[in-house]
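Engineer: Feature table excerpt (Swiss-Prot):
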COMPBIAS  209-223  compositional bias 'Polar residues'
DOMAIN    37-181  domain 'FAS1'
CARBOHYD  N39  N-linked glycosylation site
CARBOHYD  N58  N-linked glycosylation site
CARBOHYD  N71  N-linked glycosylation site
CARBOHYD  N143  N-linked glycosylation site
CARBOHYD  N152  N-linked glycosylation site
LIPID     G224  GPI-anchor amidated glycine
REGION    193-228  region 'Disordered'
SIGNAL    1-25  signal peptide
Amino acid sequence: MATTRLTLAPLLLIAAVLLATKATAQPAAPAPEPAGPINLTAILEKGGQFTTFIHLLNITQVGSQVNIQVNSSSEGMTVFAPTDNAFQNLKPGTLNQLSPDDQVKLILYHVSPKYYSMDDLLSVSNPVRTQASGRDNGVYGLNFTGQTNQINVSTGYVETRISNSLRQQRPLAVYVVDMVLLPGEMFGEHKLSPIAPAPKSKSGGVTDDSGSTKKAASPSDKSGSGEKKVGLGFGLGLIVLCLKFLF
């Protein structure tokens with residue numbers, strides 16, 4: 001009996017070691033796959049009310065630029081996305097009158113080359129730089145004001161509020177705005193053509209209300225008229241004297 005126990009003991013020990021080894025060798029749970037690259041268009045499509053903005057991002061290729069930069073830059077990016085209603089509320093012809101270059105500027109004006117959280121926008125130093133710039137390489141900026149529950153953004157030409165956030169996680173923030181951000185540098189009053197003054201008449205005349213030009217009488221004209229009257233009176237006097245002598 002004792003011999004049997006001694007024989008089984010090593011076998012039990014070996015079995016325990018094998019079980020422990022098998023438990024240790026169990027494959028670990030697979031690590032979660034890394035998230036794919038950030039895609040601005042996909043974020044906007046999920047929002048469901050940005051068809052016009054997506055179209056403009058595509059035709060200007062700004063969307064592709066944002067995707068490349070946001071996936072490679074340490075600074076991140078911030079996008080202000082106008083809704084379809086915002087574009088519908090524009091004055092008719094606003095977009096059509098823009099050249100292709102100005103359309104690119106307009107869309108770049110809705111992109112900042114840095115990540116800003118909502119808290120950042122409340123305390124940021126104005127103006128906040130955007131991706132748009134003028135012919136003199138002057139950067140177009142945005143100004144932010146507000147409180148915790150509401151943040152307003154101003155272009156110097158229009159002002160609206162940030163109504164929602166589609167994404168607020170580094171390296172990309174996407175905020176919804178209720179108006180298209182029209183830069184003052186492109187749409188401000190100083191860009192309107194001034195009214196041309198009425199042209200002066202070359203003859204020095206005076207223009208009446210009907211638009212016709214009346215020539216002003218010059219001093220020489222007045223003196224010439226007086227001389228004609230004097231000469232005519234003198235001639236009539238001579239004729240009267242001659243008639244008296246004859247009769």
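Backbone N, Cα and C define each Cβ position, glycine as well.
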Engineer: Out of the glycosylation sites listed (N71, N143, N152), which are within 10 Å of N39 (N-linked glycosylation site), Cα to Cα?
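Structural biologist: Final answer, ordered: N71.
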Engineer: Does N152 (N-linked glycosylation site) have same-chain partners at least 6 apart in sequence with Cβ under 8 Å from its own Cβ, and which are they?
Structural biologist: F144, T145, G146, E159, T160, R161, I162
Engineer: Quick check: in three-state DSSP terms, what is N39 (N-linked glycosylation site)?
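Structural biologist: SS state of N39 (N-linked glycosylation site) = coil.
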Engineer: Might you list, by sequence position, any residue in that chain lying six or more from N71 (N-linked glycosylation site) with a Cβ less than 8 Å away from its Cβ?
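Structural biologist: Correct list: P37, I38, P171.
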Engineer: Any idea what the Cα distance is from N58 (N-linked glycosylation site) over to N143 (N-linked glycosylation site), rounded to a whole Å?
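Structural biologist: That comes out at 26 Å between the alpha carbons.
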Engineer: Give me the count of other Cβ atoms within 10 A of the Cβ belonging to N58 (N-linked glycosylation site).
Structural biologist: 12
